[in-house]
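Annotated features in Swiss-Prot:
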SIGNAL    1-19  signal peptide
TOPO_DOM  20-565  topological domain 'Extracellular'
CARBOHYD  Asn84  N-linked glycosylation site
CARBOHYD  Asn292  N-linked glycosylation site
CARBOHYD  Asn312  N-linked glycosylation site
CARBOHYD  Asn351  N-linked glycosylation site
CARBOHYD  Asn427  N-linked glycosylation site
CARBOHYD  Asn479  N-linked glycosylation site
CARBOHYD  Asn486  N-linked glycosylation site
CARBOHYD  Asn526  N-linked glycosylation site
CARBOHYD  Asn546  N-linked glycosylation site
TRANSMEM  566-586  transmembrane segment
TOPO_DOM  587-601  topological domain 'Cytoplasmic'
TRANSMEM  602-622  transmembrane segment
TOPO_DOM  623-634  topological domain 'Extracellular'
TRANSMEM  635-655  transmembrane segment
TOPO_DOM  656-680  topological domain 'Cytoplasmic'
TRANSMEM  681-701  transmembrane segment
TOPO_DOM  702-724  topological domain 'Extracellular'
TRANSMEM  725-745  transmembrane segment
TOPO_DOM  746-757  topological domain 'Cytoplasmic'
TRANSMEM  758-778  transmembrane segment
TRANSMEM  782-802  transmembrane segment
TOPO_DOM  803-836  topological domain 'Cytoplasmic'
Amino acid sequence: MGPRAKAVCSLFILLQVLAEPAENSDFYLPGDYLLGGLFTLHANVKGTVHLSFLQVPQCKKYEMKVLGYNLMQAMRFAVEEINNRSDLLPGVLLGYEIVDVCYISNNVQPVLYFLAREDYSLPIQEDYSHYVPRVLAVIGPDNSESTTTVAHFLSLFLLPQITYSAISDDLRDKQHFPALLRTVAGADHQIEAMVQLLLHFNWNWIIVLVSSDDYGRYNSQLLNDRLATGDICIAFQETLPMPQPDQVVTEWERQRLEAIVGKLQQSSARVVVLFSPDLILHNFFREVLRQNFTGAVWIASESWAIDPVLHNLTELRQTGTFLGVTTQSVPIPGFSEFRIRRTPVRLPEPNRTSLEATCNQECDTCQDTTASFNSILMLSGERVVYNVYSAVYAVAHALHSLLGCTQACSKEVVYPWQLLKEIWKVNFTLLGHNVFFGQQGDVLMPMEVIQWQWDLSQNPFQSIASYYPKLRQLKAIHNISWHTANNTIPVSMCSKDCHPGQRKKPVGIHSCCFECIDCLPGTFLNRTADEFDCQPCPSYEWSHRNDTSCFKRRLAFLEWHEPSTIFVVMLTILGFLSTLAIMVIFWRHLHTPVVRSAGGPMCFLMLVPLLLAYAMVPMYIGQPTFFSCLWRQTFFTLCFTICISCITVRSFQIVCIFKMARRLPRAYGYWVRCHGPYVFVASFMVLKVVIVAGNVLATTANPTARPDPDDPNIMVLSCNYRRALLFNTSLDLLLSVAGFSFAYMGKELPTNYNEAKFITLCMTFYFTSSVSLCTFMSVYDGVLVTILDLLITVLNLLGISFGYFGPKCYMVLFYPERNTQVYFSSMIQGYTMGKD
């Protein structure tokens, strides 16, 4: 005997103790093909699953479930409506057998009854492909626990089961539940709708309360998984105690409820997400009212979102705003009248025996109870009711296709597995909604977020938003009446959201609890990338405090219209014109003693580069380019080196004539014969060219932008030769020191040859200004560096023009009597006689 046969054998033993249902028009309707219905008409708070007991529980002893009776009537209405149609199953009558499952207490007995034959036997066979059970399909039950139990039995026979409100995602496993389908979206969609609702109102600090059964644990785990990577934090999560079947509050339960509600009072969170069956919540909400806990937003799961009994506890309006996630309301024409219509009890049929009322097919108080709740049931709309209605129609359409109905149907034997294959294929429109089963066996009907209202003129469960499972999107949130002062949206945040440009500094273990810290200048906050760290701006950009982005810095360089530039340009023009005038004067008096003592033709070797240096001053003004930086780094410094080297060699030559010619006559002779001054200048020029070429190769001539330390909004655009500046001017500095030394040595020479004061002044100014500029540039990067660089350069040029050539021109122009050979000879003779 195989495992499957053994399982059926065990069921057969239990089946023998079960009785046939009592006759009742609400629970039984004969027909050519029967459907089974499992509904919760009565419910114990926590029923016991009687798998190990022979006695079947009597559901009528438990509390009446109004919604369960409402759903049962939907199945009856759908069957009778189909039987009255001529286009669907013509000539075929559907019947039903409906059983009260008492929530989870009475699951096994009904499914065994449905699987049995008309003679109440369930044979043990190896092949059930040609087995015909009492019913062709089962509608229900309503919760995931019961559905799982029933599905394990029905799947052995591939008997179709369509549940209308069991949302557990485990039921999508077709390897374990091949015969199970649903006309309701899964639990993941309920969670997604809740999360999107929380995000819409910026509620990132919530409390989660769950029941201690599988429903509470499963849904809370789904919520925790969904929030693991989100922006919503759970302040705390508590498990509600399971009440006693008689609803008497025990001391332990009372203390537990007091502690939970007290914790709610102390928490800063004001949004409570509650996953629990409705019967567990009565004692909890009584404790909430007793402690006068108010100002909360209650978010209900589908299990109690539209429960009329809880809604009838009108004092709950004082505790806050009630929102819930449930299925979409689809009005069913004629159903409201059918639901409250009392049907006379039919007498038992001759072929049916009235047995003991242990089969849970009676509800003495259903009619009276539903009549009292009829206004709420009518106004709440046919929500879950449509799920039952569409499930019956899905079976009818599948049977219509299987029987090959056109004008009439062939009433042949139908096996459950044949019907199951056809149910998977159905695709029809019912009351404006397309009904078909997806790959996971679900009909993705839209869901709604509802708000509880207690105003008699309004719908008690008013729709405020719609959720579309196919899009996984919550839309059209509107018409919410907040139970707060001035109808303001409640706030439930551990920390208020930071202002733009402020980063979050976490406080504690929750990412929703934080301090807001301003982003410093030069940094910005990119919330989409990282809310907890300010990002530095790129070097060419800047930001102010609390900026969310960086802006490009303004490029600063010497511009022609600036006062400092105009001043330097005027000095340059003065120097250029003065140098040009000096050239003219020296050219006209080239053979005079004054010009010859200044260097003669070598003066023009100084004046021409000096003019070129003045002419290249505009290279310092305007936006730097590669070529302007290259000219400044090469040709300008070469011109200046020529001038310095000429002054130095001239100072050395004068000292040689008066102090070394007599002591070293042969050396002096070589100096004169080999054109020592020109060789000296040429040698230093070659060395300078090597230095400049090395700098050009080692560094780039491209201009670079550096932040201005005085104004971070500015980027100073300048030539990139700062690192090479000291090395580039080292030769010039060495020449200036040598020139200064030789000039100092010649301070006792004849007056007309004594240039110590002027050369010393020029060389001292150049040395100190160059060293100071290099030092300043190494510690400061502002726009002032460029201005000082140009100003010092022009002043050095002016120092040579006026400091070295100025006195000569003054002598030539204003003291012509001293510019004679006789005067110079007398001065030399006087110096010689004085030395002797």
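Glycine too: its Cβ is placed from the backbone N, Cα and C atoms.
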Beyond the flanks of the transmembrane segment (782-802) by at least 6 residues, Cβ under 8 Å: 556-558, 564-565, 568, 571-572, 574-575, 578-579, 582, 606, 610, 613-614, 617, 620-621, 636, 640, 643, 647, 708-710, 714, 716, 718, 761-762, 765-766, 769-770, 773, 776
Listed stretch, out of 566-586, 635-655, 758-778, that has the most CB pairs under 8 angstroms to the transmembrane segment (602-622): 635-655
Cα-Cα distance linking Asn84 (N-linked glycosylation site) and Asn526 (N-linked glycosylation site), given in Å to the nearest integer: 65
Asn479 (N-linked glycosylation site) and Asn427 (N-linked glycosylation site), Cα-Cα, nearest whole angstrom: 35
Of the glycosylation sites listed as Asn84, Asn312, Asn479, Asn486, Asn546, the one whose CA lies nearest the CA of Asn292 (N-linked glycosylation site): Asn312
Residue distribution over DSSP helix, strand and coil in the topological domain 'Extracellular' (702-724): 3 helix, 11 strand, 9 coil
For Asn312 (N-linked glycosylation site): DSSP state (helix, strand, coil): coil
Spatial separation of Asn486 (N-linked glycosylation site) from Asn479 (N-linked glycosylation site) - C-alpha basis, Å: 14
Other CB atoms within 10 A, centred on Asn479 (N-linked glycosylation site): 11
Residue from Asn84, Asn312, Asn546 whose C-alpha is spatially nearest that of Asn486 (N-linked glycosylation site), among the glycosylation sites: Asn312
Secondary structure content of the topological domain 'Extracellular' (623-634), with strand meaning DSSP E or B: 9 helix, 0 strand, 3 coil
Neighbour count (Cβ, 10 Å) for Asn84 (N-linked glycosylation site): 8
Local confidence of the topological domain 'Extracellular' (623-634) - pLDDT mean: 79
Other parts of the chain folded back onto the topological domain 'Extracellular' (702-724), taken as Cβ under 8 Å at six or more residues beyond its ends: 521-522, 539-540, 542, 553-557, 623-626, 628-629, 632-633, 695, 777-778, 780-786
Secondary structure of Asn486 (N-linked glycosylation site) (DSSP, helix/strand/coil): helix
Separation of alpha carbons, Asn84 (N-linked glycosylation site) and Asn546 (N-linked glycosylation site) (Å): 72
